[in-house]
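Colleague: Input: one structure, supplied below.
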């Protein structure tokens, strides 16, 4: 009986030890799994923060992420007309030992570094105003192909940039009243030529009458303005009939056809026609009234 009791006690002790080790192993496994998960999560978070920081730096480099580096706003839009001059601004506030470069984003072509032009196209120059810290990109004789995005980059660590968008328009002339204008003989001809989509005033505006320039003819007056030109001709007659063209130096020309009417010869037939129409109408009404009266009597 004592033997069986001792055996049972031993079995219980062994079972208790086994159960203790099982629970301890399970707890340790869970703890180890949690620790591994924590370390893995922490490593992932570090990598994620690294990627986020890299992306943030890339965005900062493209969107003026470093406050105070640029005075020029990111994504500034500059509009220039064909044949004109475009100035892309890039004002740097904090400028120590870095170098300012201009890059054409479309093909990643390096245009300028500092004051040196690397482009084979001589139309690209750096416009540097020292006391303003402006490193503008100057583009002469603008072409439609120049439109696009340009990057002004400062060689800090890491480099930081802003983008400037260039839009190119075509300036056109427009004459009010076109395509045809009628006026009486002896009156004053006044033609107004306006410039549309123009970003800079023209150097000159020439007026043509049937392909002949008339700016300096006797009796002709041209009143220039920044965005328009006015042609004045007094005491018009039949010799002033024909095509007139307004041709600015930097815009597509416009034309108008002028018709000078002789009041004595051309307005009287119209008046006579109007009188005949009135007489015919009166006669028609009188005959209708007579017919109605006769029918009433009958």
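Cβ coordinates are placed from backbone N, Cα and C, and glycine is handled just like the others.
Worth saying up front: this structure is predicted, and the values here are computed from it rather than measured.
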Colleague: Among 42-67, 68-93, indicate the range for which TrEMBL gives the feature region 'Disordered'.
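Modeller: Feature region 'Disordered' in TrEMBL: residues 42-67.
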Colleague: Can you tell me how the residues of the domain 'Ig-like' (67-155) break down into helix, strand and coil by DSSP?
Modeller: 6 helix, 43 strand, 40 coil
Colleague: Report the mean pLDDT of the predicted model across the domain 'Ig-like' (158-257), rounded to a whole number.
Modeller: 96
Colleague: Could you put numbers on the helix, strand and coil content of the domain 'Ig-like' (158-257), residue by residue per DSSP?
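Modeller: Split into helix, strand and coil, the domain 'Ig-like' (158-257) gives 3 helix, 57 strand, 40 coil.
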